[in-house]
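**Student:** Below is one structure. I have some questions about it.
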Amino acid sequence: MNNNKQPKQGNFVKNILMWVILAIVVVVGFNFFFSSNQSSVDKISYSQLMTKLDGNKIENVTMQPSDSLITVTGEYKEPVKVKGTNNFPLLGNSSSEVKNFQAYIIPTDSVVKDIQNAAKSNDVKLSVVQASSSGMWVQILSYIIPMLLFVGIFWLMMGGMGARGGGGGGNPMSFGKSRAKQQDGKTSKVRFADVAGSEEEKQELVEVVDFLKNPKKYHDLGARIPAGVLLEGPPGTGKTLLAKAVAGEAGVPFYSISGSDFVEMFVGVGASRVRDLFENAKKTAPSIIFIDEIDAVGRQRGAGLGGGNDEREQTLNQLLVEMDGFQDDGNSVIVIAATNRSDVLDPALLRPGRFDRKVLVGAPDVKGREAVLKVHAKNKPLASDVDLHNVATQTPGYVGADLENVLNEAALVAARQNKKEINAADIDEGMDRAMAGPAKKDRIQSMREREIVAYHEAGHAIVGLVLENGSTVRKVTVVPRGRIGGYMLALPDEEIMQPTNFHLQDQLASLMGGRLGEEIVFGVATPGASNDIEKATHIARSMVTEYGMSKKLGMVSYEGDHQVFIGRDYGQTKTYSEATAVMIDDEVRRILGEAYDRAKEAIETHREQHKAIAEALLKYETLDAKQIMSLFKTGKMPDEAAAAEVPEPKTFEESLKDANANVDDFSNINIYNGDEKTDSKPEENKEKSEDETAE
């Protein structure tokens, strides 16, 4: 898409340069014409004229009254050299031989008589012509015509820019025009079938589609379709895709624009663009206006420090006016907006009559994730061992964009190994890469560091296996990825929407298992548990201040109002005293201390299993759920896994050789090796579940 735009932008720049060069050439030529005519005449003063007459150097003289002066022209008997000047210093001055002269004198009787006497005494032919007013106009035109030419060329240039750049894109003279991209709904290929994992959300939008197709049915019943639909939810859940599907199903014009496109540095531009957008939508009604990231323009007015009457607020005011009652005579314009920050939107924007319907587009459940995976796997050849349902169960909290990224990473891994199909191992690697980044198998680690990491992860696994409300341990690995040295993936047997206090307490104990695995075996503590401590502290504080799970403090909310604007809570006092703050800290420490003791008891009671899992991690690097359970119960690996060996990490040259093994001509092929060097910028650890622990 970008490649298609580059030639247009190149031609656009070339056209501008052509117009500028043409304007300069015309102005320069016009001035050169006048200056060349003027430079062919020797301009002299009255005293010089009298000297040349007395010196018998003049052939003839002509006197012509002009305004308040008399123009004296004539010819020399012999050409004289004069230094010419032009209006463009860069061209420099030049000298030339001229035969004509010109002088301006004051029309007094004495001056005229002196010239006549000098001409008569030297036999110089003297003639007088009638006064002419054309000289003044020629001089005026010499200044006006170049200016008019320049303005005309500039106007044509601006018109060409407007024709190519559209209403608000390339034309500087139309800042107030909307930058919305219009798409014909009849040619849109996106349908509700392309949106998976959002069945309830699609059902909410079916009425909007039906109204756009059959408005009479609703008008006859006196029903009013929602003037606006607000799609809110985390990034990557498919809000924009849902809006496109509505336009595709309804078959009406679709105007899409980002909230940031309304506001510019010039005053009044945002409000003007809002008016222009709705005027265009009304002309093609019924139609849909989609505003992506509406929080960029719809934030609360007067919020935070310096929240005065700025340009963004003027744009919001105009948007509020346009959205209030523009459905008349069946010509409906429906506004669909998307945001992941609905908490910062202005209340006037959310009231009934503007955004009547609010659709929460959240992360899909296991059934929805499986449906999303099936949609994204349509164009990917999957091997027979790939179970998309199993992949869906291992990706809680993943949204549509994350799931698409997992399959894409798996396809890249398979392509790197010259496979024809994507197998389960590729999917597993794709999940690891999407969550924690590429593996760093050739990272230099001492044996002691590897042992500490292995016992750390084994500690997480043991606590998760022992506790009743703990999640099922699905995977443990000590392969470094990004900034982490390893991780343990624990998932619940079924998705829990409302975890109990027992679930949270067991989760805290599982988070403590990593640090205890280091302390019990080696008697040391490493920074690898910093992420565990951070998450555990957040959960414990939420239990005390938000969930009311502390018997000492009771069911009281202490930190429920989190302001998002700078300065909004400045000067506001806390709703609890200093003594209560001390009690909150004491309760958080107590809950974390109890979790620490429970985790310590679980590991010390199962020291043999802890050691068996850690040694298996040092040997095999990665263990799945079946292997972990076998080690916990029998202390041994399953038979089919006992013979497996950990492959040595390949060098970049070896990977390049394998990738090019079946390629005849690879001179223009770039091979990407995701596991090549440890000094590459590590990817951030992507936390997908409260039960995942990463160090």
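These residue numbers are counts, starting from 1, taken along the chain as shown.
The backbone N, Cα and C atoms fix where each Cβ goes, glycine too.
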**Student:** According to Swiss-Prot, His456, His460 bind Zn(2+); identify which of Asp356, Asp365, Asp532 is listed for that same site.
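**Tutor:** Of Asp356, Asp365, Asp532, Asp532 joins His456, His460 in the Zn(2+) site that Swiss-Prot records.
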**Student:** Using DSSP and collapsing to three states, where does Asp532 (Zn(2+) binding site) fall: helix, strand or coil?
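**Tutor:** In the DSSP reduction, Asp532 (Zn(2+) binding site) maps to helix.
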**Student:** Of these binding-site residues, Thr237, Thr240, which scores lowest on Cβ atoms within 10 Å?
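**Tutor:** Minimum Cβ neighbour count within 10 Å, taken over the binding-site residues Thr237, Thr240, occurs at Thr240.
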**Student:** Just name the winner among Gly233, Pro234, Pro235, Gly236, Gly238 (the binding-site residues) by count of other CB atoms within 10 A of its CB.
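**Tutor:** Result for the most crowded candidate: Gly238.
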**Student:** Work out the three-state DSSP category of Gly236 (ATP binding site).
**Tutor:** coil
**Student:** Give the distance between the Cα atoms of Asp532 (Zn(2+) binding site) and Glu457 (active site), rounded to the nearest whole Å.
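**Tutor:** Here the two Cα atoms lie 12 Å apart.
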**Student:** Between the recorded positions Glu457, Asp532, where is the Cβ count within 10 Å the lowest?
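**Tutor:** Checked Glu457, Asp532; of these recorded positions, fewest Cβ neighbours within 10 Å: Asp532.
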**Student:** Please report the Cα separation of Thr240 (ATP binding site) and His460 (Zn(2+) binding site) in Å, rounded to an integer.
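**Tutor:** Cα to Cα, Thr240 (ATP binding site) and His460 (Zn(2+) binding site) are separated by 39 Å.
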**Student:** What's the most sparsely packed of the binding-site residues Lys239, His456, His460, counting other C-beta atoms within 10 A?
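**Tutor:** The binding-site residues Lys239, His456, His460 were compared, and Lys239 has the fewest Cβ atoms within 10 Å.
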**Student:** Can you list the residues of the same chain, besides Gly233, Pro234, Pro235, Gly236, Thr237, Gly238, Lys239, Thr240, whose Cβ falls within 8 Å of the ATP site's Cβ centroid?
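**Tutor:** Along the chain, the qualifying residues are Leu231, Ala338, Asn340, Val361, Val399, Gly400, Ala401.
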